[in-house]
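Per TrEMBL, the features are:
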- A:S135: active site, charge relay system (ACT_SITE)
- A:H178: active site, charge relay system (ACT_SITE)
- A:E205: active site, charge relay system (ACT_SITE)
2 protein chains.
Amino acid sequence: MPSKTPEGEARGWIVPIGGAEDKDNGAKILRRFFELCGGKGAGIAVIPTASRLNETGDRYEQLFSEMGAGSVTVLDFDTRRDAHERNRVARIEQASGIFITGGNQLRLSTILGGTPVAQAIRTCNAHGVPVGGTSAGAGILSEHMIAGGDSDTSTPHADGVRLAPGLGLTNRFVIDQHFRQRDRLGRLLSALAYNPFAIGLGVDEDTAAFIGPDNTVEVEGSGAVTVVDAEGLQYSSMAQVGGHSPVCMLGVQVHILTAGATFNLDTRKASAGSLAPTKN
Amino acid sequence: MPSKTPEGEARGWIVPIGGAEDKDNGAKILRRFFELCGGKGAGIAVIPTASRLNETGDRYEQLFSEMGAGSVTVLDFDTRRDAHERNRVARIEQASGIFITGGNQLRLSTILGGTPVAQAIRTCNAHGVPVGGTSAGAGILSEHMIAGGDSDTSTPHADGVRLAPGLGLTNRFVIDQHFRQRDRLGRLLSALAYNPFAIGLGVDEDTAAFIGPDNTVEVEGSGAVTVVDAEGLQYSSMAQVGGHSPVCMLGVQVHILTAGATFNLDTRKASAGSLAPTKN
């Protein structure tokens, strides 16, 4: 379960990015995240643990510094023991925004899962600190994470997805990243075929879902966020099929949101938002 | 508009197949089509015009003959003039089933469109003769045909699809074939973003939609038929976007049908059909 937000306080924004976000032409998504963290003078903690490249953390450090951050701390964790160090936990607790880079989400879940660092991220978010992540860093944010499965298929399959526990900032949605680019609708549908409770958010590259304290999803970036809502599911054959058999799913609602459109995770209502035509 | 079915008569089955249907291991789909055409003694007309391979027609001739057809006539059309020949039109009119092979659907539309052969196929179907087609031969069956567009994307784009008039046996649906294998949800959604009237049927390879006289879609084969129903569409940004921009679409209903499940094109209701669990 997500950490409880104390009465009178608002949960922080949760910002999954689909990967490959623009960094050179205005960095619109990262800049909006930075502003949510307080803008000029913000203290950002960057967690590059998913990546095996040394330069990953440095790149974001440079970007947020150029935007005017008061401090950027790159906190890498190579072992689970690292994620128990008081000193590092304190630096998470002091941040006004937390950003998790891409790479392999299983490095994040195996190294951070169940540690004081994971707990600190959850607590910070529950107290209003924005937490963003790109690619693997997006997938890890919610309670149920897609650990692997099919790419390149729009049809759900019995063995089409492997789920694992994530950081658990919320259990309202399941994220899939590089969505359109890697054709992952099938595996996102497979995840919902097990249990339609959560809402699937398929986030394209260079696109982000900005999820506010009121659970409204706002879209930013050049692609789309595909919202898959299986609440009205009439039927799923997931319990009866095995192997690589396709899964029958009846009554799935899909919304393709582009920048400006919104979706509320509580009411499950989509809106054209600023895209709606207005008469002049 | 489709040819009018005379009172007291039922329209023939319409059978779009997603391509690459099994021919060696029971040929389940082709055999069911053959039975609908009358089974033993049936007279099948095969139209291999979409294909540039000489052996395409022969292969189906052999298959249907082995199943016990009374006659199989392979009718190729190289020019529009061929499609005006009385003799060939008569052979269509005498068939108890008509099958259109795969290849390039623009060969079918440019050579047969508006000719007496196209009219004969429509009239036969309106009088009860089953018409089936695979791949390009599936795409051509309905009033609005997907002539080209994006593959490998689940997101609709402003320029994501090109539509052209097809044979027009019905205007109730738009077919897309090789659906999962070529990741064509994006282009099918693009087609519906223009006008949500029609229902999108995305047919996987080795899978067929058997559409009965009562407009119930029954699924046969190893894959799925993805039904995309945009009747409840709240919003489409298609009128406002251009180029390769993604299209915002809110409120699309999706059903993944596997063999046994059904969808009625009139009531727009999906059913688990024979997949529904029964208590013993």
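Even glycines carry a Cβ here, placed using N, Cα and C.
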Other CB atoms, at most 10 A from the CB of A:S135 (active site, charge relay system): 25
Of A:S135, A:H178, A:E205, chain B-adjacent active-site residues (C-beta under 8 angstroms): none
Residue pair A:E205 (active site, charge relay system), A:H178 (active site, charge relay system) - Cα distance, angstrom, rounded: 5
Local Cβ density at A:E205 (active site, charge relay system) - other Cβ atoms counted within 10 Å: 21
Residues satisfying Cβ distance under 8 Å from A:H178 (active site, charge relay system), sequence separation of at least 6: A:G18, A:G19, A:A20, A:S135, A:R184, A:D204, A:E205
